[in-house]
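Annotated features in Swiss-Prot:
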type: ACT_SITE; residues: Arg159; note: active site
type: ACT_SITE; residues: Ser206; note: active site, proton donor
type: ACT_SITE; residues: Glu276; note: active site
type: DOMAIN; residues: 17-180; note: domain 'FAD-binding PCMH-type'
Amino acid sequence: MKIFTNQEMKNYSNMRVGGKAKKLIILEPKEEIIDVYNDKENTDIFILGNGTNILFTDEYMDKIFVCTKKLNKIEDLGKNLVKVETGANLKDLTDFMKDKNYTGIESLFGIPGSIGGLVYMNGGAFGTEIFDKIVSIEVFDENHQIREIKKEDLKVAYRKTEIQDKNWLVLSATFKFDNGFDAARVKEIKELRESKHPLDKPSLGSTFKNPEGDFAARLISECGLKGTIIGNAQIAEKHPNFVLNLGNATFKDIIDILTLVKKSVLEKFGIKLEEEIIIVR
């Protein structure tokens, strides 16, 4: 493992916001996680993947950040089973599926997170969720043991999994794919994302979860908040469920945007929006 102190955590978040951290540990291989938790000096541990949905405070964080981005192996187990380590990203998995002529999660193409992060929150897009093709996951559990859990033994819902409640670390996921890679679907999703999502400035993607039967972006738009700027943070014109860093946004700028959105939507629609991003203070 590699250990760093006083790292600028803005370099580990797609939002490019964040103060310094007490310690950053980069795992490789996965078994090193046992040593991390057995070290009594390591308290207040936070697991970090690719940082695509993490907003860090600007202040010093007295935490131990454990980064899994080097755990990125993708292995074909045969019989259409593929084991993917937590730090692998969807681009690499999609390329692997194309090479093997596998199909099943093409609609997720373009989501910038790690597999571990997507599994943790049951990430999804365009009618597909990551758990649709998962048969089992490998976790580091609350007893500091590495174990495999079958999908049917897990509680999974919209942007929610039992993993969050039990604070497990996802180490890998095993998928069962079908045959017949859908290149046309990948192309369609790529074009949809480019047309609907603001990809030219730092952001964390979808900021709020969609309430049941509705869309956060629609609610925010109906509140007249498209394009709203606070400090150096902006509610995107192109997709109002995205918050953009215009260059030098602070943690407070972004929190003030989130507060404004939640207050406005609650007052106009009586709906309490819930963040899809993770905020680390």
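Using N, Cα and C of the backbone, Cβ positions are placed for all residues, glycine too.
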Candidates Arg159, Ser206, Glu276: member of the active-site residues with the richest Cβ shell (10 Å): Ser206
Rounded inter-Cα distance in Å - Ser206 (active site, proton donor), Glu276 (active site): 7
Between Glu276 (active site) and Arg159 (active site), the C-alpha gap once rounded to whole angstrom: 8
